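Peer 1: I'd like to ask some things about the structure below.
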Ligand SMILES: Nc1ncnc2c1ncn2[C@@H]1O[C@H](COP(=O)(O)OP(=O)(O)OP(=O)(O)O)[C@@H](O)[C@H]1O
């Protein structure tokens with residue numbers, strides 16, 4: 001009997017995306033099914049470019065067609081990807097699919113370093129990435145990206161409003177208070193001024209089409225955090241901590257803040273930074289300077305994923321200070337660690353988009 005496209009779709013409706021727990025057809029991941037005699041071809045659209053399950057899903061599709069349609073079918077699959085979104089109301093930032101807030105409880109745990117490397121790692125998978133330096137009292141992105149002297153261009157948008165052109169560096173669109181005010185005057189950006197400056201960053205910047213907009217939040221739990229969730233629908237948050245007890249206690253407060261009923265932003269996972277130190281001359285040794293296993297324990301306690309562990313490495317600090325984030329050192333273990341972290345984050349975002357409710361701007365009654 002001749003094979004039909006319906007036969008193929010029926011078979012693929014038995015192939016499950018393991019992370020998302022639904023079948024490929026229900027998830028609209030199958031496109032362009034073509035049948036010509038025994039030749040069957042179709043496209044599978046994964047939800048992240050670097051899907052670790054790519055091969056598994058590919059093989060499951062071939063198997064499904066062979067078992068349920070025709071064992072002699074010649075199956076050709078084009079595996080591609082498209083970052084998903086849960087956003088429906090696109091009044092604010094209409095071209096942005098996912099907004100991720102990166103927070104820490106304690107200062108100095110490496111939140112900005114992780115954010116900068118993560119932004120680049122995501123961009124390197126082919127995603128379109130923007131980064132807002134919302135750490136208004138200590139903006140560090142201009143230094144970390146080596147664009148301290150950059151000044152964004154302001155132009156008139158199609159509706160006559162002034163729009164700020166973000167600075168583009170290493171394929172990432174950047175906006176930081178540091179571009180608008182010299183570092184030494186950043187201290188004046190506090191309270192209501194800081195909040196209104198931040199709102200501008202979000203709404204008056206020409207971000208264009210983005211798969212991910214990362215928000216590098218200030219440390220702690222402040223008004224700024226509230227402003228951010230009230231200004232934009234945050235897809236999810238990421239908590240950066242070191243394994244140290246004091247850092248973990250503060251990270252836990254940060255995590256719980258996102259879960260307050262009036263904030264209600266999903267926590268996508270925990271990143272443990274400065275997880276251990278390995279001296280270059282003893283590559284097999286790990287020294288747990290700030291303690292061991294704290295990130296995993298925090299993630300476990302709150303039922304979220306530990307997205308990655310970043311070791312304490314001198315070059316991470318040096319590269320940050322030089323404006324060339326460590327991930328740019330291709331082929332190194334450090335670069336691979338950040339690439340893996342980006343993969344895990346993308347995976348959590350797609351799971352969140354498949355299962356959690358839609359993101360809305362938080363409404364406050366006060
Ligand atoms: N894994 C690491 N290995 C080595 N140095 C690191 C690592 N992570 C961060 N650092 C260094 O630690 C310092 C603090 O990092 P960073 O500025 O990213 O922290 P932060 O949490 O964003 O700080 P703040 O609270 O000021 O916003 C920087 O000098 C940075 O280069």
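All residue numbers here begin at 1 and follow the chain in the order shown.
Here the Cβ of each residue, glycine as well, is placed from N, Cα and C on the backbone.
Grabbed the feature section from TrEMBL, which reads as follows:
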DOMAIN    6-76  domain 'MIP18 family-like'
BINDING   105, 106, 107, 108, 109, 110, 111, 112  ATP binding site
Peer 1: Which residue counts does DSSP yield for the domain 'MIP18 family-like' (6-76) in the helix, strand and coil classes, in that order?
Peer 2: 22 helix, 22 strand, 27 coil
Peer 1: Near ligand 1, which of the binding-site residues 105, 106, 107, 108 have CB less than 6 Å from any of its atoms?
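Peer 2: With ligand 1 as the reference and 6 Å as the Cβ limit, the list reads 107, 108.
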Peer 1: Look up residue 109 (ATP binding site) in the DSSP assignment and reduce it to helix, strand or coil.
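Peer 2: Note: residue 109 (ATP binding site) is coil by DSSP, not helix or strand.
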Peer 1: Cβ within 8 Å of the ATP site centroid (105, 106, 107, 108, 109, 110, 111, 112 excluded): which residues?
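Peer 2: So the extra residues in range turn out to be 104, 219, 240, 241, 242, 247, 273.
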Peer 1: Counting other Cβ atoms within 10 Å of each residue's Cβ, which of the binding-site residues 107, 110, 111 comes out lowest?
Peer 2: 107
Peer 1: Given the binding-site residues 105, 108, and counting only Cβ atoms in the protein chains shown, which has the most within 10 Å of its Cβ?
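Peer 2: It comes out as 105.
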